[in-house]
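Participant: Have a look at this one.
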């Protein structure tokens, strides 16, 4: 091996083989994390993106079918990576897909290389490796608007000559340069020109140290030759803000304030759309009640379909707002600072700093969070993160939190926001506590230090945030809506059959009905009749059977059915209670407000309220901590390769939820 560092030669152009006849044209988006790759993907594809796994793997990617110059093209957004020397499963699959080594995935016909123009030198390390692959390549110089504001300019001719591929300045946030980028992509696809590395670099290809050093030297030379100006002002502003947001104590306080403000904003902004959705479902139930004669069909539609779906969809505005705010925070660069601040705390419980990102994404959904633990190199750390990820409050818990918060504080957005904040804090605290337990028992091992990139602060893109919100909200509706509809229909049947006539009711109930009829109280007659029919239905019998198990937690038989049904999907409890409490067309007419009113006035046989403060707090604690999501269990099985860990996850979370809810109810009953 030569002692001198080999120079990375300039690429030359060659023509690679044409794609297979009839095969689709594939464009792969590649880039470092935080380079704006996904933002550019959203700008190019809009709402046409689909999320799927690479064949034979559990690694997710987004793809979209578009048309460029009358040519159908599939654009694939590969996971972000810093080099083609992978250290995590996500990076490994991305490299295999890029190099054409992943079975079932076509070789890319063109690589769209996305780099951060405010930090070109760092991004060029990956660029050099991608250019060596020999695929037709176009380099998108993203964040060009931010670079211009920072006083950074580029000699594009020099940069293109040194890279040997077209270079186009763009801004995924504003859309600047997108049309020119598409024109260059079309031209490159037609000409199929690709860079090829000279023999000087290949001569030292067996020496990783020389290759590593050569690429960094090459990136430095290219950057110094093509970049004009430095981001001194932006760096000073970033440092000034970071003194507060990454401070040992100020950072934690800032994070808590940001989360509290997020929940308060969600409650304030979601009020109108929630009332609108509630009114629409109420009007739908009223219309069906007028058009269809009273009977099982009317009850099926108003109580089973409208009551079940309406009970969940009314909380969709809050879910969308949560996704939207988190997208803005992530796009602004704040979330990387939050990860750094939380790293100090996570090390104390035995988790690496890299676990923060999956745990943070678990607040949207535990499934992608568990899949994203592949960024954690150590298997024990990865398992610990997988086991505790479902304790983080996901979007499916929001309807339950909103229901409980409204029962407790129907007239105060601030107090409801505090309930949300407390629920999130409880989930985080429980997750960290269980991580501490696991890392000192089942999963002992050292903790790796955190290495994370802190991007410059940016003005977040409303367009990207809205697209991401739509994508996640639609996925939630498709997944949860299907499950809820099926379970709601099953519960309606269980709550409706077998039919019970007045003659079959106990004598004391018949006497009460006679008194109500004599007094002309038609509403009282209907309410008592429905109550007795429900208690004698299959649902009532099941609920009475399991009621002793949940009675110490303050749950009646209706709530017990809700808990049991929601082990498939936790958000099902809202639609379950809507079916159980909303029987009759009148219950559907007023929507969720009627449901909450019915729940709030529900009483035990002795006349005491069912939903007391203690019961509401117990229910909240149970749903914060319980493992109630079968898809999450399936993903845990797939990621760990064994049923051992999903069963441990289900067992400890169920026990933790039951004991914590029991303690909460018993203590609250005595104190409140």
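Every residue gets a Cβ built from N, Cα and C, even glycine.
Curation plays no part in TrEMBL annotations; they are all automatic predictions.
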Participant: If I go by TrEMBL, the feature transmembrane segment sits on one of 417-438, 439-460, 505-526. Which?
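Facilitator: That would be 417-438, per the transmembrane segment entry in TrEMBL.
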Participant: Quick check on the annotations: TrEMBL lists transmembrane segment for one of 537-558, 647-668. Which range is it?
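Facilitator: Going through 537-558, 647-668 one by one, TrEMBL flags 647-668 as transmembrane segment.
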Participant: How many neighbouring Cβ atoms, not counting its own, are there within 10 Å of the Cβ of residue 34 (GTP binding site)?
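Facilitator: Total other Cβ atoms inside 10 Å, all chains included: 20.
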Participant: Tell me, if you would, which residue among 42, 45 (binding-site residues) has the fewest other CB atoms within 10 Å in the structure shown?
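Facilitator: Sparsest of the binding-site residues 42, 45 by Cβ contacts within 10 Å: 45.
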Participant: Hey, how far is residue 143 (GTP binding site) from residue 45 (Mg(2+) binding site), Cα to Cα, in Å?
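Facilitator: Distance (Cα to Cα, whole Å): 18 Å.
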Participant: Give residue numbers and ranges for long-range contacts of the transmembrane segment (305-329): same chain, 6 or more residues beyond its ends, CB-CB under 8 A.
Facilitator: 258, 262, 265-267, 269-270, 273-274, 277-278, 281-282, 284-285, 288, 335, 338, 363-364, 395, 398-399, 402, 460, 462, 464-466, 468-469, 472-473, 476-477, 480-481, 484-485, 487-489, 491-492, 571, 574-579, 582, 587-588, 591-592, 595
Participant: Can you grab the distance from residue 45 (Mg(2+) binding site) over to residue 34 (GTP binding site)? Cα atoms, rounded to a whole Å.
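Facilitator: One finds 19 Å between the Cα atoms of these residues.
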Participant: Can you tell which of the binding-site residues (31, 46, 79) has the fewest other C-beta atoms within 10 angstroms of its C-beta?
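Facilitator: Sparsest of the binding-site residues 31, 46, 79 by Cβ contacts within 10 Å: 46.
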Participant: Pairs of Cβ atoms less than 8 Å apart decide it: which stretch in 249-270, 349-371, 417-438 has the most with the transmembrane segment (647-668)?
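Facilitator: Result: 417-438.
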